[in-house]
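Per TrEMBL, the features are:
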TRANSMEM  56-77  transmembrane segment
DOMAIN    69-350  domain 'G-protein coupled receptors family 1 profile'
TRANSMEM  98-119  transmembrane segment
TRANSMEM  139-157  transmembrane segment
TRANSMEM  178-198  transmembrane segment
TRANSMEM  232-257  transmembrane segment
TRANSMEM  288-311  transmembrane segment
TRANSMEM  331-353  transmembrane segment
Amino acid sequence: MRGPRGEGGAPPLCPRLNHSYPGLYPGLWAAERSAAARANATGPRAAGQDCGSVSVAFPITMLLTGFVGNALAMLLVSRSYRRRESRRRQSFLLCIGWLALTDLAGQLLTSPVVIAVYLSQRRWEHLDPSGRLCTFFGLSMTAFGLSSLLVASAMAVERALAIRAPHWYASHLQTRATRALLLGVWLAALGFALLPVLGVGRYAVQWPGTWCFISTGGAGNGTGAPRDRGGLFFASAFAFLGLAALAVTFACNLATIKALVSRCRAKASAAQSGAQWGRITTETAIQLTGILCVLSVCWTPLLIMMLKMIFNQTSVEHCKTHTEKLKECNFFLIAVRLASLNQILDPWVYLLLRKILLRKFCQLRKRGIREQAK
């Protein structure tokens with residue numbers, strides 16, 4: 001298993017995190033820099049200081065907000081699941097609970113490592129000379145990220161079947177089947193993430209040197225050496241699987257909205273029933289649209305950038321030797337944070353905001369009834 005090292009044996013690290021890092025000053029060490037080198041380093045917009053969005057505040061904030069949201073969602077799901085009147089929704093509640101557990105576990109396994117590296121102000125290779133921590137970190141990022149996408153896709157399929165084929169759904173999709181499906185999804189994501197351990201693909205330290213993820217540069221790393229086909233396959237497969245999951249979620253949510261609108265129009269003849277279906281349709285359509293927007297905004301930039309890097313035979317591992325790529329590296333860091341933001345927004349989009357909106361709607365409706373009675 002190869003260690004998580006970039007070109008020249010050292011991973012990329014932003015100088016603002018560790019001022020002793022020589023990667024952006026090849027051949028120049030702190031004690032040997034000339035006066036001219038110091039002048040260049042302290043000049044306006046020094047290339048080594050263009051660290052953009054690098055800050056320990058980001059992982060700390062995301063860890064705290066993600067923990068609160070997902071823990072609250074799991075608590076609400078647990079309470080609702082035990083109620084008798086929630087039996088018809090047990091499959092959907094299982095999916096939401098599993099998604100919240102997946103997001104929470106992913107954050108707890110990765111965010112503390114990032115925070116520790118930031119605070120230590122040491123190069124990753126000093127903290128992890130064997131490369132095992134990098135492999136574990138990249139495996140966790142890949143497994144839990146892909147699992148979240150696949151679970152969201154499974155939930156979209158489940159909702160589409162419940163609306164468009166209710167009889168088949170009631171007779172075939174029991175809670176046992178849902179549990180088996182969710183377990184299968186998670187095992188498939190874990191099996192895929194284990195491929196670099198088996199020699200297919202690799203995980204590498206990424207800009208700014210505080211985290212690890214799938215290497216998109218191949219074995220050659222842009223140096224003219226033959227590229228690693230296994231690495232290209234692994235990185236491409238992750239990106240295409242993610243985009244496929246987004247496409248399935250998009251198609252199923254649109255099909256669900258269309259079916260709800262058609263059923264709402266059919267029920268419009270009866271005043272009371274039509275009003276109830278209109279409310280349900282509006283609420284569900286808003287929620288599904290929100291899910292589509294959140295998934296697209298959070299995941300599309302990362303997946304598209306990965307494919308772009310694969311086709312251009314580049315990687316953010318090159319940031320320490322190619323200062324002109326720092327802007328692209330900062331964009332990639334922002335894209336990763338957007339994908340991580342999805343783990344924070346999931347419980348709110350799927351559960352918490354829906355409950356808040358329902359309560360607000362009920363309050364407004366009761367207020368309107370009281371005003372009409374007066």
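Each residue, glycine too, has its Cβ placed from N, Cα and C.
In TrEMBL, annotation is done automatically, which means it is predicted and not curated.
From a predicted model like this one, the values you see are computed outputs, not experimental measurements.
The list of residues near the transmembrane segment (56-77) in space but at least 6 beyond its ends in sequence, with Cβ under 8 angstroms from a Cβ of it, reads 93, 96-97, 100-101, 103-104, 107-108, 111-112, 114-115, 118-119, 337, 340-341, 343-348, 350-352, 355.
Against the transmembrane segment (288-311), stretch 232-257 shows more Cβ pairs under 8 Å than any other of 98-119, 139-157, 178-198, 232-257, 331-353. Averaged over the domain 'G-protein coupled receptors family 1 profile' (69-350), the predicted model reaches a pLDDT of 84.
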